[in-house]
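Heads up, the thing below is written out as structure tokens.
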Amino acid sequence: MSLVPISLALDDKTEKAEKGNAPLDDIDIEEEKERKRKKVLVEKLKQHTVIKYPPSQKELSLPTILDQVNCSFEINALLQKNIGLVGTRLKRSLSVSERVVESATNIWDYVVFTLWHVLTTWVYPVLTQLFVLGLIIQRIAGEVLLRILEWRLLPDYAALKDTSATAQQVDIRLQQLCYWPIQYMTLRKRRDDWESVTNSHPEYIRFYNSLWLVANDVIIGIALGSYIIGNADFVANQVDRVVGTWSIEGLRRMISWLMDWPAGLKLNNDLAAFLGDLFLWVIDYWAGCMISLRPILPHIIHIIGFSSLAGASMPISLFSDLASLLTLHIYSFYVASARIYNWQLTIIISLFHLFRGKKRNVLRNRIDSCDYDLDQLLLGTILFTLLFFLLPTVFVFYLTFASARMAIITLKAVLDTLLACLNHFPLFALMLRIKDSRRLPGGIRFELQDTPSTFAQQVPTCAPTAYISLKSVPLPFRAMFAQYFHLGNRIRKHYFVPHVFLCLVTGQFVPPIHRKNLYSLQYKKSPPRPTMNGIPKKFANGHARRGHWWSK
């Protein structure tokens, strides 16, 4: 720091010229004359100053202060340069307590460092490898169980998962367990580049939605299981009472009522007695089976209660299968009565064609003319009369068992709907839609904005400009539940169509909707099951750290 201005020129050409280093050119001579003229002018201005104030005490001490500042700066630079030659400051001797504390601290730091080194170098890699090995064993066991559930006795036969709600539920959970590790590794890799963030967003929603659903399923299942286990005897008594009241005693009273002029209808007493005795004999046999099953029913209820630890969907599926087993006799009655009614109706229609001198051409699928003998017409008339008057008796039995069968199908449809909600309800997507709708986009929308008037006034000669605003359109709620609407539409097309009504009227078998068709839409929400190839390598690469022996 200095009060005298410092010249920015590193070398003076005038001094070099005077010393004879280099001759002065014309421009330098002119600049030198100009500097001398300005110097003379400044001296003259100093002499013509009107008032000259004496310097103050601060102005007189300013050069000294600047010299002290410069000296302090130079001393500081010198000390910083030679600080390494001074040496360390001698510490005072520690007391006994301070020595004990220092020793304990050093020992603790050494123990912590040693444990951390052992954990990161040996324990963590071993635990990681054991975890990966456990996942591989779990995956192999899951694949074996999935093969068993998908096994078919013949190619045209149904698999076990297509006939049992419990097997279907186990199949869904096994597929989720087989896919979760690979899905987790995919979501971990999405941070590496920006493209994967967008592409993996559906996987992100699907993964966490399945986790939320399984967690809620387990929570509800624990509450439901605790109630079932705590009240197993009461639940068993209620199940036994409902089964005995509705499927045995109620059906027995209904058949007895059909055997004795139901609602004033004049039925054939002999045929009604024959069919009634046949069905009552089967009901008595089934009631004996239920009596032998009654002592172990509380144990079955306990098993259903303990299965709730796997989620509320497991006891619901077990109850659905249990309802199918306990009402197996109603299914048998429905199949037998429907077959008898259909055969009888088919024979009556064939005999009606015989009256008209017609017959059905099976090859051409049409009704052709035919000449019948007199004995054929007589026999056909007798058979037609007998079967026609026996038809109401068979029809009332068929109508009773068909109604019971439809009630059971309705109950199982309600249980399957509960399973569908527990397994595939879009809970996480619904939470994202409510919390931040932009995270669940359903499209984009362009909005034409008005041109600012101030801009048009400032630049009147500019070309016309349009401003377009791009906005994200959130996914509508109906689109989130589109799969359920499609599923309901599929159920409606299976049951509530004229074909089903025609089958009921003609006595043809009306099968329940196939589980493959019922769960195919829900399986679309689950990703395809990956193969076992490369799974150990993916996990090893995903959890390995560089420099460890187990990452090579």
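Numbering starts at 1 and runs along the chain as it is shown here.
From the backbone N, Cα and C atoms, a Cβ is placed for every residue, glycine too.
Please treat TrEMBL annotations as automatic predictions, because they have not gone through curation.
Small disclaimer: the values here were computed from a predicted structure and weren't measured.
Checking TrEMBL for region 'Disordered' across the ranges 7-27, 49-69, 532-552 points to 532-552. Nonlocal intrachain contacts for the transmembrane segment (377-401), taken as residues 6+ away from its ends with a CB within less than 8 angstroms of a stretch CB, comprise 254-255, 258, 262, 265, 267-268, 271-272, 275, 279, 330, 333-334, 337-338, 340-341, 344-345, 347-348, 351-352, 354-355, 507. Sequence-distant contacts of the transmembrane segment (340-356), counting only residues of its own chain at least 6 positions beyond either end whose CB sits under 8 Å from a CB of the stretch, comprise 367, 372, 376-377, 380-381, 383-384, 387-388, 390-391, 394-395, 398, 506-508.
Counting only same-chain residues 6+ beyond the ends of the transmembrane segment (407-432), those with a CB under 8 A from a CB of the stretch are 165, 169, 172, 205, 208-209, 212-213, 216-217, 220, 311-313, 316-317, 319-320, 323-324, 327, 330-331, 439-440, 475, 477, 480-481, 483-484, 487, 491, 512, 518-519, 522, 525.
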